[in-house]
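Take a look at the structure set out below.
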Amino acid sequence: MRILFIVDPLSTFKIYKDSTFAMMREAAARGYAIYTCQQSQLTLSGNVVETVATPLALTGDEHDWYRSGDPRLLPLTGFDAVLMRKDPPFDMEYVTSTWLLEIAERQGARVFNKPQAIRDHSEKLAIAQFREFTAPTIVTRDAKRLREFHAEQGDVIFKPLDGMGGAGIFRVGADGMNLGSVIETLTHNGTRTVMAQQYIPAIRDGDKRILLIGGSPVPHALARVPMAGEVRGNLAAGGTGRAQLLSERDQVIAHALAPVLWQRGLLLVGLDVIGDYLTEVNVTSPTCFQEITQQTGFNVAGMFIDALERAAGKASGGLGRKLA
């Protein structure tokens, strides 16, 4: 099996916690060939979507962790699976990449997650499709509506629609301190749409990342507990990860969403759940594989590659494409 990973620069990888690295390591352990490219290398030429793909061999060393082979210009149809693992922001370059990947799909490439499904599921807005699991929420750039929402709820989280890692998230309490400044800053004076949600006190127990793989939930979540004085549990914002079994409510949410999202072409999804409420549906490059595995022994990457084998094999009727 030949797998192409579309990734950020390898120099940015922190392999002790990187989920893409965990995928690569599991694939390599099964004898699969690993190739990488960057988003900027995707090209449509002569109506064929191709990229400069670099073969990668993992060394097992913590620092000098890979050896690169000679880069080759190859069509995406030459791989058994193409994994889009580029981190947000989900900007127009990201959208353009999904268009190119969708063309490659029509040419026979097998791309995960499905490019159209990535576009169709804004990581913040997708929760609106599952309203029975969400806290009170408003999405607008109208300052008056945002102020009214705050007056109704009393304690509100404001966040941009295109952020990641907890960037740009603000809490405004019942006293309304800095409400105007937060609204002006996040909406860029009314020119950008934002989300506001009722503050959920259960954030003190962690923002739970629940992974859905191939239509099934991983049995353990990673509760990302905020550091003192913070409302953001994101690991990138200083939160601490604590693996735990899915609660009864977690399972209800996960089992309701997993088959629906898988049917839409989303092989890997990261749900964010605070207390009893779904807050985000992450579809670009969900993470937390290694933290869950290290704390529980459950092989998340193994479950993912198992699902990838089934998905790629089902799409092709068998594995083993030959590169030109």
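Glycine is treated like the rest: Cβ placed from N, Cα and C.
What Swiss-Prot annotates here:
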- 150-206: ATP binding site (BINDING)
- Glu280, Asn282: Mg(2+) binding site (BINDING)
- 124-309: domain 'ATP-grasp' (DOMAIN)
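Cβ crowding, taken as the number of other Cβ atoms within 10 Å, peaks at Asn282 among the binding-site residues Gln198, Asn282.
Each of the binding-site residues Gly166, Gly190, Gly206 was scored by how many other Cβ atoms lie within 10 Å of its Cβ, and the smallest score goes to Gly190. Note on Val182 (ATP binding site): other Cβ atoms within 10 Å of its Cβ, all shown chains, come to 21.
Between the CA atoms of Ala174 (ATP binding site) and Asn282 (Mg(2+) binding site) there is a gap of 30 Å. In the three-state DSSP reading, Phe158 (ATP binding site) counts as strand. Cα separation, Val182 (ATP binding site) to Glu280 (Mg(2+) binding site), rounded: 21 Å. In the predicted model, the domain 'ATP-grasp' (124-309) has a mean pLDDT of 96.
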